[in-house]
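What follows is a set of notes on a single structure, which appears directly below.
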Amino acid sequence: MLVLGIESSCDETGVAVYDSESGLLSHALHSQIATHRVHGGVVPELASRDHVNYLVPLVDEVLTKAQIRKNQLDGIAYTAGPGLIGALLVGSCFAKSLAYALNIPALAIHHLEAHLLAAKMETPSLDFPFIALLVSGGHCQLIEVNNIGEYRLLGDTLDDAVGEAFDKTAKLMGIPYPGGAVLANLADQCLSTPYQFPRPMTDRPGLDFSFSGLKTHALNTWNQSEKKESDRSEIAKAFQQAVVETLIIKCKRAIKESQSKRLVVAGGVGANKALRSALQKWIKDIKGEVYFPALEYCTDNGAMVAYAGCLRMMRGESDGGLGVMVKPRWPLA
């Protein structure tokens, strides 16, 4: 089965072609960082307009790379939520219209489900059940994954998502948008730090997260410093250490409570070097397994949507009718 995947939930336009027999045939991505940098964050209206401009060229690009024609496609999968409503509507309307023109099924895909399954796309031998740590700019969750569509939420953030906390902390210290990755690089390059930040919500039972207080702690530390480059790097390192250790502590609890020693890390923050290294060390110590998507599939992309769509379409699933129903807020579990 050949499935075209379309991702347009926020500020990246992703398109891919996945084959149930041969795997991922091609994918292409347009990032809108340059468009939004001048505004210091994502502007929803501009994001929607950018998707309109790039969807058709990207579809043509992936079909050419895959050496297939539109009429060879068996289905089209698209992100229907959660995300920015305008951006979601652009991708969903395009997908439904193209599917109608080609007389093939279209299927709405949950953005978070696509992230959860991204590691399985590259490692088909990854079996259910597993625990997933979903860490991105909009989410920070621990999820028990028992099968496709069978999810149980174990823990969620009570305020900021972890990627959001990275970006906001960077901005508070004068690092321009998108500053989260820059903050992480500063932390990686800093050899040591005199600062010790709190590990939020690790002193109580449960698997929920909270990062707003950590962000405030970083701001206060920055304001009390001389605001030199060395201060920025040392605060970045202390902040990242606190985030990583907090995530590790919560993952340990989740694994201990479950019957599986398989951990899947999904979402853009899954590309963080310090987090990857710490998780790999810990999971090795307990003789468990940890799976990460390749770096290019950690952030939003069309490949994960095409893959999730292919799995569901092979089970006979598809949208009913031409109606477009996107869900800006859409709980996974």
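Using N, Cα and C of the backbone, Cβ positions are placed for all residues, glycine too.
Residues or ranges marked as Fe cation binding site in Swiss-Prot: His111, His115, Asp300. Counted within 10 Å of its Cβ, the other Cβ atoms near Asp300 (Fe cation binding site) come to 27, all protein chains included.
The feature substrate binding site is assigned by Swiss-Prot to Leu134, Val135, Ser136, Gly137, Gly138, Asp167, Gly180, Asn272, with sequence analysis given as support. Cβ-based neighbour count (10 Å, all protein chains) for Gly138 (substrate binding site) stands at 20.
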*Cβ packing number for Asp167 (substrate binding site), 10 Å threshold*: 23
*asked:* In whole Å, how far does the CA atom of Gly138 (substrate binding site) lie from that of His111 (Fe cation binding site)?
replied: 11
*Looking only at C-alpha atoms, tell me how far Asp300 (Fe cation binding site) is from Gly137 (substrate binding site), rounded to the nearest Å.*
10
*What whole-number distance in angstrom separates the two most remote CA atoms of the substrate-binding residues Leu134, Val135, Ser136, Gly137, Gly138, Asp167, Gly180, Asn272?*
17
*Identify all same-chain residues not among His111, His115, Asp300 whose C-beta atom falls within 8 angstroms of the centroid of the Fe cation site's C-beta atoms; report them in sequence order.*
Glu7, Ser9, Thr79, Leu112, Ala114, Ser136, Gly267, Asn301, Met304, Val305
